[in-house]
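Student: I am attaching a structure below and will ask some questions about it afterwards.
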Amino acid sequence: MKHTVEMVVLSVGAFLALVGAGLAQDRLFGAHMWVLFFALLAGTLVLMRRVDFRPAVAGHPGRRREYFDEVVKYGVVATVFWGVVGFLVGVVVALQLAFPELNVEPWFNFGRVRPLHTSAVIFAFGGNALIATSFYVVQRTSRARLFGGDLGWFVFWGYQLFIVLAASGYLLGITQSREYAEPEWYVDLWLTIVWVAYLVAFLGTIMKRKEPHIYVANWFYLAFIVTIAMLHVVNNLAVPVSFLGSKSYSAFSGVQDALTQWWYGHNAVGFFLTAGFLAMMYYFIPKQVNRPVYSYRLSIIHFWAIIFMYIWAGPHHLHYTALPDWAQTLGMVFSIMLWMPSWGGMINGLMTLSGAWDKIRTDPVVRMMVMAVAFYGMATFEGPMMSIKTVNSLSHYTDWTIGHVHSGALGWNGLITFGAIYYLVPKLWNRERLYSVRMVNWHFWLATLGIVVYAAVMWVAGIQQGLMWREYDDQGFLVYSFAETVAAMFPYYVMRAAGGALFLAGALLMAFNVTMTILGRVRDEEPIFGAAPLPAPAE
């Protein structure tokens, strides 16, 4: 009987969660255990509905396809779902900043909803995109089925459980108060187990490959998986107050704690949001334009430069703090050095279109990927510039930093993920084309306009903030109180919410387009000017 082991494990887990809820040392841990119990119970019921009690027929149900794409399909759907959720929460957070009365105490105030937004976009949307695409890419480039059988399912569902536990924990107020590492110790332990399984599945597939060469995209994926594991374990070293309680204390304190946190925080950007998505760039752009990578040698140089330099750049988040000055300067120097290899990768991605530049005009998926690479180039110039101490003295703690982060996260990570989804969906579900190519074009313009409005407004707001904070009168007193600087941000915060709403509208359009494609629908529409005629809808 299929799924017997899985059902037993889920049932035991649900029972232990119930015991944990009953013996909890604090109210929050008890509430979280109830969340875990219902999540595992739901998983058990879903599996029970899929159980086939008939004996397996040799050679028929047991026959395996060449590639394990079912888990990739689930990953693509999860990426779209969590993306819409994350962007929606982001718009809510933006509106809360502009209109404080929208803060609903205690569960939906800004302090709890903001980490929900960042984690939903980075780890739920971005993480599912990376897991799904890495499983797809490693199988194709290795010419081998995903290693470990149902291990891929464990990685996928285990990661969804992590997302649910983290998100519910934020709303309950269970947090370590460490940016991008808010989940408490028991959620961190679960993610560690899932991540090790992810590494085993990915590395095992490479080791049993039939293709002698390891394609460069797999280098970037593997670097992302290994480095994130190291960062996660070290930064989340903590001592629980009780094994049946939600509270723990970090193994680090003071300046060491701050440095460890931003060693983790910046390299989460460097390896989660950069290396992993560069792997997507190096696979999906050549596939979509049907051209080889412009310079494979440059891609290898790009890889090793990123690996060596990025890990040192974290201290630039701690300029003008108690961190030793030499450490701040070290972070600044390595940040500036990162500019050149980052732009080398950008040039490599853009020049892959050599001989196919017309596709930017005729193929909105290519246009989306190219815009993503352009935002990558812009963000990797702006980041090193902001790490320079003189510039940082103005930009630090202002909304300029928020604009920088979103131009990278939405412009680079968001658009390259959207492009990958549009590439994958017709292939995974054996469709001739997407439901609507023109909707992709609309999505492109909504997303691009939303990012530009958001980032530009935050750049202006941040510079104004920095200048107001440092404005002194003739007697050496501050000209503006902090409350006045906050009040001055109101029009910018409203415009930011509008930019986020445009980006969300594009994501909703994508969700509809993807859903209709999965259902096998095709919209009868005129081709984009200059493009080849679209296949006619089936009768």
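Heads up, the Cβ atoms here are built off N, Cα and C, so glycines get one too.
What Swiss-Prot lists as heme b 1; low-spin binding site is His117, His406, and the listing cites similarity to another entry. Residues annotated as Cu cation binding site in Swiss-Prot, with similarity to another entry given as evidence: His266, His316, His317. Residues or ranges marked as heme b 2; high-spin binding site by Swiss-Prot: His404. Under the heading transmembrane segment, Swiss-Prot lists 4-24, 28-48, 75-95, 154-174, 187-207, 214-234, 298-318, 330-350, 368-388, 405-425, 475-495, 499-519 (among others), citing sequence analysis as support.
Describe the structural surroundings of these features, if you would.
Tutor: In sequence order, Ile451, Tyr454, Ala455, Met458 make up the list of same-chain residues 6 or more apart from His406 (heme b 1; low-spin binding site) whose Cβ falls under 8 Å from its Cβ.
Within the same chain, the residues at least 6 positions away from His317 (Cu cation binding site) whose Cβ sits under 8 Å from its Cβ are Trp262, Gly265, His266, Gly331, listed in sequence order.
A helical conformation is recorded for His404 (heme b 2; high-spin binding site) in the three-state DSSP classification.
Residues 131, 134-135, 138-139, 142, 144-148, 151-152, 154-155, 158-159, 161-162, 165-166, 169, 181, 214, 218, 221-222, 225-226, 228-229, 232-233, 236, 238 of the same chain sit 6 or more residues outside the transmembrane segment (187-207) yet have a Cβ under 8 Å from a Cβ within it.
Sequence-distant contacts of the transmembrane segment (214-234) (same chain, at least 6 residues past either end, Cβ-Cβ under 8 Å): 130, 134, 137-138, 141-142, 181, 188, 191-192, 195-196, 198-199, 202-203, 206, 260, 263-264, 267-268, 270-272, 275-276, 278-280, 282-283, 293, 296, 299-300, 303, 306-307, 311.
Listed by sequence, the residues of this chain that lie at least six past the ends of the transmembrane segment (368-388) yet keep a Cβ under 8 A from its Cβ atoms are 281, 284-285, 288, 313, 316, 319, 331-332, 335-336, 338-339, 342-343, 345-346, 349-350, 353, 360, 395, 400-401, 404, 407-408, 411-416, 418-419, 422, 440, 443-444, 447-448, 451.
Outside the transmembrane segment (405-425) by six or more residues, the chain places 72, 76, 79-80, 83, 121-122, 125-126, 129, 132-133, 136, 269, 273, 277, 280-281, 284-285, 287-288, 365-366, 368-369, 371-376, 378-379, 382-383, 431, 434, 440, 443, 447-448, 450-451, 454-455, 458, 503, 510, 514, 517-518 with a CB less than 8 A from a CB of the stretch.
Residues 94, 97-98, 399, 453, 457-458, 460-461, 464-465, 468-469 of the same chain lie 6+ residues outside the transmembrane segment (475-495) yet bring a C-beta within less than 8 angstroms of a C-beta in it.
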Student: Which bits of the chain, at least 6 residues beyond where the transmembrane segment (298-318) starts or stops, bring a Cβ under 8 A of a Cβ in it?
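Tutor: Here the qualifying positions are 216, 219-220, 223, 227, 258-259, 262-267, 270-271, 274-275, 278, 282, 327-328, 330-332, 334-335, 337-338, 340-342, 344-345, 347-348, 386-387, 392.
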Student: Which residues of the chain, 6 or more past the ends of the transmembrane segment (75-95), have a CB below 8 A from one of its CBs?
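Tutor: Distal contacts: 102, 110, 113-114, 116-117, 120-121, 124-125, 128-129, 131-133, 135, 156, 160, 163, 414, 417, 421, 424-425, 428, 493, 496-497, 500-501, 503-504, 507-508, 510-511, 514, 518.
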Student: Can you tell me whether DSSP puts His317 (Cu cation binding site) in helix, strand or coil?
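Tutor: In the DSSP reduction, His317 (Cu cation binding site) maps to helix.
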Student: If you draw a 10 Å sphere around the Cβ of His117 (heme b 1; low-spin binding site), how many other Cβ atoms fall inside it, taking every protein chain shown into account?
Tutor: 22
Student: Just to be sure I understand the packing, how many Cβ atoms besides its own are within 10 Å of the Cβ of His266 (Cu cation binding site)?
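Tutor: By my count, 25.
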Student: Have the transmembrane segment (154-174) and the transmembrane segment (330-350) got at least three CB pairs under 8 Å, pairs 6 or more apart in sequence?
Tutor: no
